[in-house]
Amino acid sequence: MNSTLFSQVENHSVHSNFSEKNAQLLAFENDDCHLPLAMIFTLALAYGAVIILGVSGNLALIIIILKQKEMRNVTNILIVNLSFSDLLVAIMCLPFTFVYTLMDHWVFGEAMCKLNPFVQCVSITVSIFSLVLIAVERHQLIINPRGWRPNNRHAYVGIAVIWVLAVASSLPFLIYQVMTDEPFQNVTLDAYKDKYVCFDQFPSDSHRLSYTTLLLVLQYFGPLCFIFICYFKIYIRLKRRNNMMDKMRDNKYRSSETKRINIMLLSIVVAFAVCWLPLTIFNTVFDWNHQIIATCNHNLLFLLCHLTAMISTCVNPIFYGFLNKNFQRDLQFFFNFCDFRSRDDDYETIAMSTMHTDVSKTSLKQASPVAFKKINNNDDNEKI
């Protein structure tokens, strides 16, 4: 899912635009193959909006969490890691990919040729596995509240492991990414004189296909299946818990809270899958048979798929932060340039659970009326 994301731009341009057949190259000189200015302008606005929202949204989340010491729990530590990786994607992935795809030649130098896809692959791997760690933390918080629960130290260790894995899985881009003018050497058109392309040059097509297939599993299908399983189990547990609580407390409040949580859980999984699905399909098709994709429609189709995937950098802060009332409140202070004030008694302590984390099936049966009343009172303040 990397050639998928990064080298795909390079490879698409090289293999599609500069094949051994001059007809393909000449096709790009045909006016019918150039994107209309109106389309380029629209895409530029869309990419600009995603970059601005992705950078500002994730930066705001990072600052708000780091500013508040009482917010440095496992969930928020993982959210900061997620936001940081999304921030890198918004900075390193969107502008370079957009410019290179439109220009069909590389203008950012040899060092950036190697660094750009490497950083992009690292960032996306970190982002996706941050979602996995958050799913694990939610799972333990709700499914097994009396069992093993990750603490801050576990979160930091998990983040370190993610970054090591991301760097290791991205090393082929540092090794095989090259900047060359070879595709233009036999071209007599002045427009392509002194032009370079940046793409991966694996030892063979089988090596490239093996690597891109591995990334496809590592960066999409594997994490998506795992996240879906975790949130499905959470959904089932919350539904059962809701049925138990309906017998002992106000049904209207409990039903609305459960509905809200279920929608959030569904939205998290759907947003992740939907944002990345078009680019995943596009890259899979291109990797195995790039001739299926029409030369003239290639760049536009890729940019649309890529833009859809990059929207995930804006969606994540909304789901993991701005739907939380604490973040909404602190965001007002953030944009008003006011000091952040500590509000320990005011802060939510549970992001997805409708019950206190110590309340399980067993504890519900054993709780005394007085204790249960206290739990209810506390629970009213622990909303998403």
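In case you wondered, yes, glycine gets a Cβ from its N, Cα and C as well.
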Check: Glu182 and Asp330 same membrane side, Swiss-Prot record:
no
Just confirming the record: what cysteine out of Cys33, Cys93, Cys121, Cys198 does Swiss-Prot connect to Cys113 via a disulfide?
Cys198
Tell me the residue counts in helix, strand and coil for the topological domain 'Cytoplasmic' (138-154), as DSSP assigns them.
9 helix, 0 strand, 8 coil
Counting by DSSP, what is the helix, strand and coil composition of the topological domain 'Extracellular' (282-299)?
16 helix, 0 strand, 2 coil
What number of additional C-beta atoms lies within 10 angstroms of the C-beta atom of Cys198 (disulfide bond)?
28
For the topological domain 'Cytoplasmic' (66-76), report the average pLDDT of the model, please.
79
List the same-chain residues at least 6 positions away in sequence whose Cβ sits under 8 Å from the Cβ of Cys113 (disulfide bond), in sequence order, or say none.
Trp106, Gln177, Val178, Met179, Cys198
Is it possible to list how many residues within the topological domain 'Extracellular' (98-116) are helical, extended or coil according to DSSP?
13 helix, 0 strand, 6 coil
Would the transmembrane segment (45-65) count as touching the transmembrane segment (117-137), i.e. at least 3 C-beta pairs under 8 angstroms with sequence separation of 6+?
no
